[in-house]
Amino acid sequence: MADLGMGRDNIPWTFISDRQKGLVHAVNELFPNSEHRFCFRHMYQNFNQKFKGKEMKDMFWAAASAGNEREWKMAMIELEKTNKEAAEWLSKIPPALWSRSHFTGYSKCDILVNNLNESFNNYILETRELPIIGMLEWIRRRLMQRIQTKRSGMQKFQGEICPNIAEKIDKNQKLSRTFVATWDDGHKYEVDCGVRKCVVVDLREWTCTCGYFQLTGYPCAHACAAIGVCRLPIKNYVHACYTRAEYLKTYAYTITPVPSDIYWIIAEEESINPPAVRRMPGRPKKLRRRAQDEPKKGQVSTRKGLVAPEASAAEPIAESSTQPQSTSKGAPTAQNTTMTSKQARKPVHGMNMSGSNSADATTATATTATAPTITDVLRKLRPKRSKAIQP
């Protein structure tokens, strides 16, 4: 913990965790100036156990994603009108731990979930059953490759702003086309963005009434409208952490390659024995427990909910016969040629293996061997076999 310190340029760290007991007090004690956030995904799982329904979910996310305290209070009032117990349950948790309206702008990040941690856990999923040294060597080699890939990819990029942030700014610029910004002959702009909704943008302080400009570090849609009026480069209002130069500084360091264990230096100290492992009864679990609204194995998450992937329907097989059908009396018809090869080979009571009957059986056998019939397809699909007629 002492090595973490205050972070780069004495900027406090931002921790995102679940609602594990004791974490809030531990972070406040070890990092008193740092920011602590709860993963909103884990919070919603606890909330959903008591208060279910899509309406409650939408109100829950509206309160968390509010960019300023005024919108947060309005969202909490709407939640209280719908379900007072749900509003009381949410009010017991300090909003600085879960609502964007109370986040500080130090980290320049507005994420509410710890998907970064979940992505890394999924990244190393296949190595969890390896021994500790093998697992660490796998992670080291993969990270060494990832750092090199990220660095070389950004070196080929010619823009000044990182691609993902540039794409978000482009979306905000398109959204700002419907806004009207009025300049006060100073550094502030009044942006009219709809019916009974108007915000103030300060380009000197990089702030907006909505709260997202100062929280994320790049212009929101209202700020894009104000910047468009004064005809200034929008890159001048993007935080330095989103630039190509800072990205290359992040991946400037490399992980040194390590030879195999036969070339390692043998330490003279006493070797460390592995800890005692107590095996619990039953088969060990490899997969984590999924929530009720998460897709299970074989399911796909869509806007309509969790659905199972549709099985591909079998294509219809057209029956074909290579033998020409004769209209003469006594010739085999199409129904006679659909018998299976086993039935054609076995003698049937009342039938001779010589003469015309033998020729009919030979014709049926040749027909079924050259092209599959409907009967053959049904026999493959059905596990039970039809009994042959005994002589």
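Numbering starts at 1 and runs along the chain as it is shown here.
Glycine too: its Cβ is placed from the backbone N, Cα and C atoms.
If you check TrEMBL, you get these features:
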- 199-231: domain 'SWIM-type' (DOMAIN)
- 275-391: region 'Disordered' (REGION)
- 280-289: compositional bias 'Basic residues' (COMPBIAS)
- 308-321: compositional bias 'Low complexity' (COMPBIAS)
- 322-342: compositional bias 'Polar residues' (COMPBIAS)
- 359-375: compositional bias 'Low complexity' (COMPBIAS)
- 380-391: compositional bias 'Basic residues' (COMPBIAS)
Residue distribution over DSSP helix, strand and coil in the compositional bias 'Basic residues' (280-289) | 0 helix, 0 strand, 10 coil
Residues of the domain 'SWIM-type' (199-231) by DSSP state, where helix covers H, G and I | 15 helix, 6 strand, 12 coil
Take the domain 'SWIM-type' (199-231) and average the pLDDT across it for me.
-> 94
